[in-house]
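A.B. asks: Shown below is the structure under consideration.
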Amino acid sequence: METKREEIECLMNLLNVEPRRRYVDSDDEEFDETQVNDTKDNVEEEIPKKKNPYTKLDPQEEKEMKGKEVYEDNEFFFDEEKPSTDWKKTPKWEISYRQQITPTDVFLQMGPKNPSTACCEDMLIDVWLPSDKRQNIDLKVMNTQLKLFSPNHFLDIPLPHPVNPQKGNAQWNNNEEKLTITLKIDREFDVVNF
C-alpha cells in the first residue's frame, strides 16, 4: 500500500506535528510551512490563560470566596438547600433497633432471626431537643439521611441502613423534650431473609 506525501502532510497537519527534516525532491511539491504555523496560532488562542493563584485578592472578592469554599469542597454531600446553621447546636441523639419476634423465635428458636441489627425491622432515633417546641420542629427523612431543623438545633446525620421514608413516624415526649423517630428499615433482600 503506497502513501503519498500529501496524505502524510495532511495527517501531520491534523495531529499538529512538525516535520523533523524536510526532504524535497525535485518531483515533489514544496512543503507549505504556513499551514503548520497557522494551526499553532489557533491552538494558542483557544487555550484560556489560568489565573495566578499567588496574586492578591481584592477584599470584596475575598469575602465572596470564604463562603463558597466550604460548599465547593463538600458539594457532593450538600443538597440544594444550604441554610445558615453555623450558630445552631447539634442535639444529643441515639440510634437503637427493634425486632418483631414471635413465640417461635423466642422459645423454639426455629426462625432465621438472631439478636444482631441485620435481623431488625425498625430503627429508632431518639433526639433530645431542650427548649424547643413540637410545632417548631421540621423533620426531613430521606433514604439514607435524616435532617432536623428547629430554632435552636440542627441535626444532619447519615443513616446506617437505608430506610423507607413513607413508612415512618415521629412522637414528641413533652416531659423529656425528646423526639422519637421510628423508621422502617428497607434492605434489598429483606423479603428473602424474613
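Count begins at 1; order follows the chain as displayed.
Just so it is clear, glycine is given a Cβ too, placed from its N, Cα and C backbone atoms.
Pulled from TrEMBL, these are the listed features:
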REGION    24-67  region 'Disordered'
COMPBIAS  26-35  compositional bias 'Acidic residues'
COMPBIAS  38-49  compositional bias 'Basic and acidic residues'
COMPBIAS  58-67  compositional bias 'Basic and acidic residues'
DOMAIN    90-185  domain 'PIH1D1/2/3 CS-like'
A.B. asks: Take every residue in the domain 'PIH1D1/2/3 CS-like' (90-185), average their pLDDT values, and give the whole-number result.
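C.D. replies: Mean per-residue confidence for the domain 'PIH1D1/2/3 CS-like' (90-185): 90 out of 100.
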A.B. asks: Go ahead and report the DSSP secondary structure tallies for the domain 'PIH1D1/2/3 CS-like' (90-185): helix first, then strand, then coil.
C.D. replies: 12 helix, 48 strand, 36 coil
